[in-house]
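Noted in Swiss-Prot for the protein shown:
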type	residues	note
COMPBIAS	1-12	compositional bias 'Basic and acidic residues'
MOD_RES	S17	phosphoserine
REGION	1-26	region 'Disordered'
TOPO_DOM	1-33	topological domain 'Cytoplasmic'
TOPO_DOM	55-68	topological domain 'Extracellular'
TOPO_DOM	90-101	topological domain 'Cytoplasmic'
TOPO_DOM	123-139	topological domain 'Extracellular'
TOPO_DOM	161-181	topological domain 'Cytoplasmic'
TOPO_DOM	203-224	topological domain 'Extracellular'
TOPO_DOM	246-277	topological domain 'Cytoplasmic'
TOPO_DOM	299-329	topological domain 'Extracellular'
TOPO_DOM	351-358	topological domain 'Cytoplasmic'
TOPO_DOM	380-406	topological domain 'Extracellular'
TOPO_DOM	428-443	topological domain 'Cytoplasmic'
TOPO_DOM	465-468	topological domain 'Extracellular'
TRANSMEM	34-54	transmembrane segment
TRANSMEM	69-89	transmembrane segment
TRANSMEM	102-122	transmembrane segment
TRANSMEM	140-160	transmembrane segment
TRANSMEM	182-202	transmembrane segment
TRANSMEM	225-245	transmembrane segment
TRANSMEM	278-298	transmembrane segment
TRANSMEM	330-350	transmembrane segment
TRANSMEM	359-379	transmembrane segment
TRANSMEM	407-427	transmembrane segment
TRANSMEM	444-464	transmembrane segment
TRANSMEM	469-489	transmembrane segment
Amino acid sequence: MSDIQAKEDAAPVDRQSSSSVVVPDEPSPLRKMISVASIAAGIQFGWALQLSLLTPYVQLLGVPHKWSSFIWLCGPISGLLVQPTVGYFSDRCKSRFGRRRPFIATGALLVALAVILIGFAADFGHTMGDKLDEAVKIRAVGFFVVGFWILDVANNTLQGPCRAFLGDLAAGDAKKTRTANAIFSFFMAVGNVLGYAAGSYTNLHKIFPFTVTKACDIYCANLKSCFIISITLLIVLTIIALWYVEDKQWSPNADSDNEKTPFFGEIFGAFKVMKRPMWMLLAVTALNWIAWFPFLLYDTDWMGREVYGGDSAGDDKMKKLYNHGIQVGSLGLMLNSIVLGVMSLVIGVISKKIGAKRLWGAVNIILAVCLAMTVLVTKKAEEHRKIAGRMALPTNAIRDGALSLFAILGIPLAITFSIPFALASIISSSSGAGQGLSLGVLNMAIVIPQMIVSFGVGPIDALFGGGNLPGFVVGAIAALISSVVALTVLP
């Protein structure tokens, strides 16, 4: 990625007008950046639990498989609305506690509220009148959905100000800025590994015996215990960072321009003047996320439903089989995060040798193949159950094959989290556009496809029998198309 690196080293960090950026006299010490970046571990711990456990959990509460994807709509919606809005207002916050710390503290408190609503949804629903033998626990689902949406809003409230705080601490130093973001990414990987490890441990509820209740079985209690650990970690890291790291109070300069175009006005205005290279980048990014999102939504559900043959709406034996698959799926996600972290360390070296767009195109082929291979793994698991019996666990070969797919997918996921943003920076630098504005436009190419998938993947799966494979196949096709587009039209 020599072209990217050269432009990053040559170009100064984008300093916006004095109305939105406070630049300290000099960069803060590395230990303060580490303290702020460590909050990412707490954020990502909870996000890992969301990805691995919450889709199966809401089905255990009675929400049909085909409708569960609609609950995930808040993620892309809040990414589209909340994060840029919070960023816009945190740039202009005049609180005596600083610009970033009030938003980070608010986000952490919202996470705590959301975790209580999600973890105790079954208990709250039972207290409010849900019967234990009801197929759909309406009140519990209501508490869950409210908590789930609050959690997505809270995560977006936290992440933007945390990254902005790191930018403030870097004080415009390009090397410090790259280092701070690398540390943030490292702690994201740490949080992922911890979250998926916790989600794959089946006896976590024994640490918190009060989590098992009449309305909350062992799977539910494990989820509740995971979230208790998650919020404890986040609150501790947040308190340490906000106490230890100073966030200077901001006040606008007397000559600053207070009649600025609002953030969304800038975003939509950018589309009018956007040049072809950026449009092509948006197209590849959108196709890439259409490929990824069905798997991110239903990866552990696939393991519990198709690979292990369980059923979240079945009898106790089928539920136990399903939950077993979910736990193994969480292990797969942990392996995915480990590979992602390792791959993130070598992206720069590989990109320098073959180029960013070739690397992105190549790993999208890997993504397409892995998503297509889920069909083969599923068919092998079904054939095994026909021979060994409906309740038979998958063979070691089938289980290891599924886990291998999770691990290998860490390679293209690492590229998805880095190359598009690097290319957006290059294009914006060459065209004279602002870095923040270009990344805001790129974010729309991520969240809008996620909303499309959230609306469409459940009904598509239901149309073809109610499993997860149709969505994965659509993802494989989108990944293949994105690979071709990346290799042929990206600059």
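Any Cβ shown, glycine's included, is placed from N, Cα and C.
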- [ ] Can you tell me which of 34-54, 102-122, 140-160, 469-489 gets the most C-beta pairs within less than 8 Å of the transmembrane segment (182-202)?
- [x] 34-54
Task: Contact between the transmembrane segment (34-54) and the transmembrane segment (469-489) (at least 3 Cβ pairs under 8 Å, separation 6+) - done: no
Task: Top Cβ-contact partner of the transmembrane segment (225-245) among 102-122, 278-298, 330-350, 359-379, 407-427 (pairs under 8 Å) - done: 102-122
TODO: Please figure out which one of 102-122, 278-298, 330-350, 407-427, 469-489 racks up the most CB pairs under 8 Å against the transmembrane segment (359-379).
DONE: 469-489
TODO: For the topological domain 'Extracellular' (203-224), provide the mean pLDDT of the predicted model.
DONE: 84
Open item on the list: Could you give me three numbers for the topological domain 'Extracellular' (299-329), the DSSP helix, strand and coil residue counts?
Closed with: 23 helix, 0 strand, 8 coil
